[in-house]
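J.: Taken from Swiss-Prot, the feature transmembrane segment applies to 25-45, 52-72, 89-109, 130-164, 204-224, 242-262, 305-325, 350-370, 391-411, 448-468, 479-499, 505-525.
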Amino acid sequence: MPISLGNAFAKNFLGNAPKWYKSAILLFLVINPIAFYLDPFAAGWLLVVEFIFTLAMALKCYPLQPGGLLAIEAVLIGMTSAEQVKHELVANIEVLLLLVFMVAGIYFMKQLLLYVFTKLLIRIHSKTLLSLAFCLVSAFLSAFLDALTVIAVVISVATGFYAIYHKVSSGKEFGHQHDHTDDHSVHELSRQHLDDFRAFLRSLMMHAAIGTALGGVCTLVGEPQNLIIGEQAGWSFGEFAIRMAPVTIPVFICGLLTCILVEKCRWFGYGAKLPDAVRHIMEDYNRYEEAGRSPQDKAKLIVQAVIAIWLILGLAMHLAAVGLIGLSVIVLATSLTGINDEHSLGKAFQEALPFTALLAVFFSVVAVIIDQQLFRPVIQWVLAAEPDDQLALFYLANGLLSMVSDNVFVGTVYINEVKTALLNNAINREQFDLLAVAINTGTNLPSVATPNGQAAFLFMLTSALAPLLRLSYGRMVWMALPYTLVLGLVGFFSVELLLGPATEWFYQAGWLLPHSGAPAVLPALH
């Protein structure tokens, strides 16, 4: 039966998203201009909550469309300007380049990654040990590489594992073409194993994601905000690591203990083991690959291994912007492994570009936060506190705000405010150094609570793999909860109880030298 034109428009709006979801987005679009007219500050926070809602409902509808509509309206009604949005995008161009080029570069190294991690999967039989290995490897890599790059590697590996089992459970051979997003062809007897395998991969993904936070907070190059805070404070690579150590070492140890505990006790969705049927398929796949590996295939693996070394050295030594190193990986990997047609190149960009567009929308919301000064009351309250209370309050304020906003933005806002206080002689240099540690750890650790706190977590949530593993916003928050509590609380007590005495001991031991005055440069926000 034909439908009316009006119903056709309604049906087309946000596609196959549920009707209640479409109604909610339309309601947001109607309410926001009214709220902005009545109270711009409240309207700004309402927009932040609405954007978080679109992220939470990512499995109902990709957040780009509803979030984009809200962002466009925000610019139109004057909550922010197109110029401010452009400023945010320009300020974060390195992150955007990373997403476009680095994720595509990792795609062309899939064979090597699958080779290495398949060996790891079939040789380590203990799930707890395997989880610990994923967490440790992610932490080590994230201390020197960007967390987004590490998560891109983990997603590539998990997708490869999932595709192998899905293909076999659908009655196909290893060499056959197969669509691993379609469950209709999965044999009934294999469905339970598939669900168990999803739970297994979900837990590994989350352990790896938390690992990026554990490692990323430790070094100057681990996270973008680390670099901003380190530059503002005038710290070298070594000094940064030493100053963070009173907080990062206890947090790292407790994070690894949490990994072991949730796996052993099977809490919060962890503890799922690799089904024997899946292990046998992985072992068969490994033997199939080994038997069929030609000299040309071996040459490709060697080339990819050499490129991986270049990738790690290039990023760890900051030889170029991350995105440009990613572009060099694309050029080297394709030219030296025989990929020379546009169609094959195009596939590599499919995963990253939707998220790149979503991140641009996210920066539009950050522009609203800046223009409407949504964080100013919290910042003023913390700076007005007594010096003895400031460390704990800065840690808490940064942590809470980083759960709802980009932690790079939060860290940048706070370090600039503290730097201004130092230049105005409101605080001394010793207090500034301690506050910088509290800000850095506050933005990095509690932000694991939600996917919008860290770009790497958001990338994982909105990746093509998330719906395959049934990894929703709510499930990510639930699985991150034990880590949020442990990392957040251990970080808080370390800042409150250990940071001051340990830093004093570092001075006395000669590991640190006191700074005199403020560093010369105070860069603009972002």
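Cβ coordinates are placed from backbone N, Cα and C, and glycine is handled just like the others.
Tell me what's around each of these sites.
T.: Taking Cβ pairs closer than 8 Å, the transmembrane segment (52-72) reaches residues 14-15, 17-18, 21, 24-25, 28-29, 32, 85, 354, 357-358, 361-362, 364-365, 404, 450-452, 458, 461-462, 466-467, 472-474 in its own chain, all 6 or more past its ends.
For the transmembrane segment (130-164), the residues of the chain that approach it from at least six positions outside its boundaries are 95, 98-99, 102-103, 106-107, 109-110, 113-114, 117-118, 120-121, 124, 174, 178, 180, 197-198, 201, 203-205, 207-216, 218-219, 221-224, 252, 255-256, 259-260, 263, 270, 281-282, 285, 312, 315-316, 322, 326, 351-352, 454-457, 459-460, 463-465, 468-469, judged by C-beta separation under 8 angstroms.
Taking Cβ pairs closer than 8 Å, the transmembrane segment (305-325) reaches residues 94, 96-102, 105, 109, 112, 141, 144-146, 149, 221, 332-333, 336 in its own chain, all 6 or more past its ends.
Using a Cβ-Cβ cut-off under 8 Å and counting only residues 6 or more beyond its ends in the same chain, the transmembrane segment (391-411) has close neighbours at 48, 52, 92, 95, 223-225, 228-229, 362-363, 365-366, 369, 375, 378-379, 381-382, 385, 418, 434-435, 438-447, 449-450, 452-455, 488, 491-492, 495-496, 499-500, 526.
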J.: Is it the case that the transmembrane segment (448-468) and the transmembrane segment (204-224) touch, counting contact as three or more CB pairs under 8 Å in which the residues of each pair are 6 or more positions apart?
T.: yes
J.: Using Cβ atoms and a strict cutoff of less than 8 Å, what residues sit near the transmembrane segment (25-45) while being 6 or more residues removed from its termini?
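T.: For the transmembrane segment (25-45), the list is 14, 54, 66, 69-70, 73-74, 77-79, 368-369, 372-374.
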